[in-house]
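A short worksheet on the structure shown next.
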Amino acid sequence: MTLPKQEDEPTKSVVKNELILAKTNLKGDWLNIILLLLFYLMQGLPLGLYTAISILLQNKKNITYNDQALFGMATWPFSLKLLWAPLVDSFYVRKIGRRKSWLIPVQFLLGACFFYMANSIDDLLPEMGKPNILKLTAVVILCTFLAATQDIVVDGWALNLLQKNNVGYASTCATVGQVMGATLSAIFLILFTSEDFSNKYLRIMPSVGGIMTMRSLFLVLAIVFVAITALIAIFKNEKDFTLEDNEIKLNTFQNYILLWDIFKLPSIRILAIALLTWMIGLSPSDEVVNLKLIDVGVPKNNIMIIQTGMNVMQIIIPVIAVKYTTGPKPMSIYLNIIPFKLFWNFSFLIFIYCASKLPKNNGVVDIPIYYYAILVLIQSINIIQFNILITTLVAFYCRISDDRFGGTYMTLLNTLSNLGRQLAKTVLYSSIDLLTVKECTFDSKNNCSTSHLQNVCKSNGGDCMTIVNGYYVETIVFTIFGFIWYSIFKNIIKQLQCKSPSDWKVKMNIQEPENYLNS
């Protein structure tokens with residue numbers, strides 16, 4: 001009987017060594033973890049500005065949904081960053097550092113964008129008159145493009161910045177930092193520039209305007225970005241891992257070939273199918289809940305207050321969960337949570353159904369206080385589950401990524417999971433109207449399926465009555481799909497996380513990188 005080859009099946013000693021490496025020890029890594037947290041916080045600031053500006057635009061009476069759709073293009077860079085991730089891995093100045101070569105100019109440019117917005121905000125988003133949507137969209141797209149590029153850089157640097165047994169903490173830094181940055185910038189832009197909020201909560205004596213103007217806020221952001229980036233450029237040295245880790249400097253074309261070769265790995269192809277479909281079953285409790293709450297009469301302001309509390313929870317949860325997600329098998333936690341998360345879809349369905357039956361007073365729903373307490377409880381449990389899922393996914397990405405090409409590898413995996421979430425959202429939104437059955441109370445032949453038919457019904461004194469609510473139907477259908485997905489991929493995912501690190505590495509000739517093009 002012959003023993004299996006080492007590359008086919010890890011020996012017991014190899015497995016034992018990997019388990020030893022899996023034990024985390026933060027000694028010597030605390031400063032690097034703080035630095036990573038700072039990087040991700042700075043990355044979250046432009047994302048929060050997009051959210052806040054979209055809310056400010058919606059409050060203006062002279063803004064159309066077409067304007068909002070145009071401004072929505074500002075989110076595209078984070079979904080498309082895979083297109084230029086190989087460029088980030090290819091071009092760098094070795095004396096500066098592989099990651100610093102990109103990080104420093106990108107963050108200086110973000111500071112320059114904030115300086116521009118500070119000087120032009122009265123034209124981009126005036127108090128009176130129509131905002132300059134086209135120019136505002138262009139500026140915010142540039143900010144999110146730079147933030148997406150910074151994300152590629154930091155994701156890749158985290159694999160070398162932290163010790164091997166601590167790389168799982170990168171996912172915690174990413175989750176906590178991004179949420180903190182997005183929450184802070186949104187709060188400052190919406191609340192601290194609000195006269196009503198400032199006079200009610202932040203001032204002793206009432207005054208005109210908020211405690212900050214938008215111009216002063218963007219000016220502060222610009223100064224902070226420039227100052228922090230300058231300090232990093234001067235005092236933070238980046239270790240050259242080229243010789244130590246046998247890294248290869250590839251040209252741009254080779255990096256795109258590398259991207260394709262990563263995708264051709266059998267393990268990656270199987271994982272990609274799972275990531276592109278993972279959110280369909282979970283989406284009813286994550287993507288459309290707030291819209292349905294508004295439909296049944298829950299005030300938008302109350303929803304936003306609850307959402308702010310959920311954002312705070314998103315900062316706390318990864319810190320608590322990190323103890324469990326940095327181990328050798330983070331996907332075991334993922335698989336344990338999925339069934340509970342699928343069942344939790346029905347908690348929102350029941351709540352929304354009950355809220356829709358509450359009596360209305362002059363068209364306004366009188367929602368008891370205990371309903372809000374129940375909603376907070378449901379949302380809290382849901383956000384805990386979802387954030388643990390995301391944290392375990394990113395921890396798994398950090399563990400399996402080939403750190404020679406960390407930026408490209410991590411970006412590919414994150415792009416696959418983001419595309420899965422976007423696919424689920426698209427299917428979810430398009431299914432609601434498709435599965436909803438309505439009927440005009442004045443004319444049973446009018447199904448109110450279009451705006452014209454709805455107007456005809458109302459003009460004749462009727463009202464469009466919902467016979468079958470598409471949200472309820474799709475919640476059941478999507479949840480069933482989720483359990484089918486779970487039964488198919490449960491054992492597959494278990495097998496993937498037990499694979500040897502060599503199964504996730506790109507095979508190439510290190511001594512002769514030019515042969516990579518001919519392989």
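Just so it is clear, glycine is given a Cβ too, placed from its N, Cα and C backbone atoms.
Since the structure is predicted, the reported quantities are computational estimates derived from the model, not experimental observations.
Summarising the annotation, TrEMBL assigns transmembrane segment to 33-57, 102-121, 133-154, 166-192, 212-235, 256-281, 301-321, 333-353, 369-397, 471-489.
Among residues of the same chain six or more beyond the transmembrane segment (369-397), those with a C-beta under 8 A of the stretch's C-beta atoms are 168, 170-172, 174-175, 282, 285-286, 289, 293, 298, 302, 306, 309-310, 313-314, 317-318, 321-322, 325-326, 330-331, 333-334, 337-338, 340-341, 344, 347-348, 351, 354-355, 358, 410, 413-414, 417, 497. Under the criterion of 3 or more C-beta pairs below 8 Å, with sequence separation of 6 or more, the transmembrane segment (212-235) and the transmembrane segment (301-321) do not qualify as touching, having fewer than 3 such pairs.
Distant neighbours of the transmembrane segment (333-353): 281-282, 284-285, 289, 292-293, 296, 324-325, 374-375, 378, 381-382, 385-386, 388-389, 392-393, 396, 471-472, 475, 478-479, 482-483, 486, 490, 493-494; these residues of the same chain sit at least 6 beyond its ends, with a Cβ under 8 Å from one of its Cβ atoms. Stretch with the most C-beta contacts under 8 angstroms to the transmembrane segment (471-489), considering only 166-192, 256-281, 301-321: 256-281.
The list of residues near the transmembrane segment (166-192) in space but at least 6 beyond its ends in sequence, with Cβ under 8 angstroms from a Cβ of it, reads 24-26, 29, 33, 36-49, 51-53, 55-56, 154-155, 158-159, 198, 202, 210-212, 214, 217, 221, 308, 311-312, 314-315, 318-319, 321-322, 325-327, 330, 387, 390-395, 397-399. Through the fold, the transmembrane segment (256-281) approaches residues 82, 85-86, 89, 250, 342, 345, 400, 402, 405, 408-409, 412-413, 416-417, 419-421, 423-425, 427, 478-479, 481-483, 485-486, 489, 492-493, 496, 499, 503-504, 506-508, 516-517 of its own chain, all at least 6 residues removed from its boundaries and within a Cβ separation under 8 Å.
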